[in-house]
Amino acid sequence: MSNEKNVLFTIFGGTGDLAQRKLYPSLFRLYKKGNLGKHFAVIGTARRPWSDEHYREVVISTIQSLNPSDEEAKEFASHFYYQSHDVNDSTHYATLKELADQLDERYQLDGNRIYYLAMAPQFFGTIVAHLKSQKIVTENGYNRLIIEKPFGSDYQSAYDLNEKIRQVFPESDIFRIDHYLGKEMIQNISAIRFANNIFESQWNNRYIDNIQITFGEALGVEDRGGYYDHSGALKDMVQNHILQVVALLAMEPPVAFSEKEIRAEKIKALKAVRIYDQQEVLENFVRGQYDQGQLDGEMFKSYREEDKVDPASTTETFVAGKFTIDNFRWSGVPFYVRTGKRLTEKGTRINIVFKQVPVNVFKTSVDEPCEDTTLPPNVLTIYIQPTEGFSLSLNGKEVGQGFNTEPIKLEYRNSSEMVENSPEAYEKLLLDALKGDGTNFSHWEEVAQSWHIVDVIRQAWDQTKPDFPNYKAGTMGPEAAFKLLEKDGFEWIWQPDEWYRERGKL
């Protein structure tokens, strides 16, 4: 049975960085695997006055790292067409419709269309309204909309945008993309939980002490200073990526591994996350901004010195906090999260910290005090990137006389070859959209609840002026992020900065 999909992609923002770095290579991978074949076409639209020929040359240049033959690259690129387009000009949509209808007939696409909005969110409502008013959406096939983040800047703006989109597309045809949901080890969270009784039977507050989620970036804001200074780490990372991971970790087992059932459980988990009042926000969340710093002999500038950033900016480049989930399974288990720019190492990982044994029995007599009254906790670590895999730390006996214990680690990593050959996140998500499977996309109720959670944090922070900058580039964030766990009797499991400090490199 053929896996080939008949579809017309219309990519708004077709000349942009996202399209060139992610979308075109992902479409080529789908083409190589037979998911796209003779019956597909792509319209790229943007303001630049490109020709079809130039557009195809750009597309070919974006897939060179995938080593296509010249013939293969040209054949793939022949399915691409360019339309110079002003999204605010209604007359441009008439020519877009004309081209779309021609391609539908030429490639026998059965009216199936996917619209990808890879541009600034302030244009989403305008584009969607024109798709309907200019009759670009078809009646004889499916019409699906893929939207990049950010989806709004707070709950109200997200709600208003959603209302505009829902006038044209039903919820089932809206695919709000969060590329982290396409990553292999994010999708593996459910397999580790639900396919292994050793974990699922203990996935609750009776056995788990705390959960830690780290989204660390070694880079600064690079060329995104203008965007980032109006967003910040809270909206850029916590509202979407981090809360999606919290939902996957905290949700109840679905009755079936289907889009409908998984979404229902994720929504329930997010609705159980406590929405803090202003005082609770200040007690449970900290923010930071990086200063100049030196790591391993390299000097880094401060955030306020970055291009297109306000020299007096109070935008946070780091967030750490504690989420509390008020339900039967998770009551009393803190979910600690942190994310930041210019940290010691790039790394996304999850640490599930299990409760310690009640007493250390490893002593030679009842009367003799234990050398260590507590043993290190067992920790399940899920590595999302740059490596993929997981590990479980245990306590074992030291080799030699006596019965001293030492931590040991059971470890698995996807091989570099496996990582290299596995589908890229955008490739997976595009294929899901082609199939109409929204499991790995964000439902409106998830987006709405995430904004409810994050808005109160933003509002509390807006009442006070932060003392920025408050952490050096190359470190793992401000001191307050460490004290956040210390006051609960915990510490961050992943501390890559210690390695550099011990060697005088930080």
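Cβ atoms are placed via backbone N, Cα and C, with glycine included.
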*Could you look at ASP173, ASP209, ASP236, ASP326 and say which one TrEMBL places alongside HIS179, LYS183, GLU217, LYS341, LYS346 in the substrate site?*
ASP236
*Just how many other Cβ atoms lie inside 10 Å of the Cβ on VAL87 (NADP(+) binding site)?*
20
*Residues satisfying Cβ distance under 8 Å from LYS346 (substrate binding site), sequence separation of at least 6*: GLY216, GLU217, ALA218, LEU219, GLN385, PRO386
*When the pLDDT values for the domain 'Glucose-6-phosphate dehydrogenase NAD-binding' (11-188) are averaged, what is the result?*
95
*Considering all pairs of residues in HIS179, LYS183, GLU217, ASP236, LYS341, LYS346, annotated in the record as contacting substrate, what is the maximal C-alpha distance expressed in whole angstrom?*
20
*May I ask which of the recorded positions LYS183, ASP236, HIS241 is closest to ARG47 (NADP(+) binding site) if we compare their C-alpha atoms?*
ASP236
*Just checking: which of ASP86, VAL87, HIS241 have a Cα that is within 10 Å of the Cα of HIS179 (substrate binding site), counting only these recorded positions?*
HIS241
*Measuring Cα to Cα, how many angstrom lie between VAL87 (NADP(+) binding site) and LYS341 (substrate binding site)?*
33
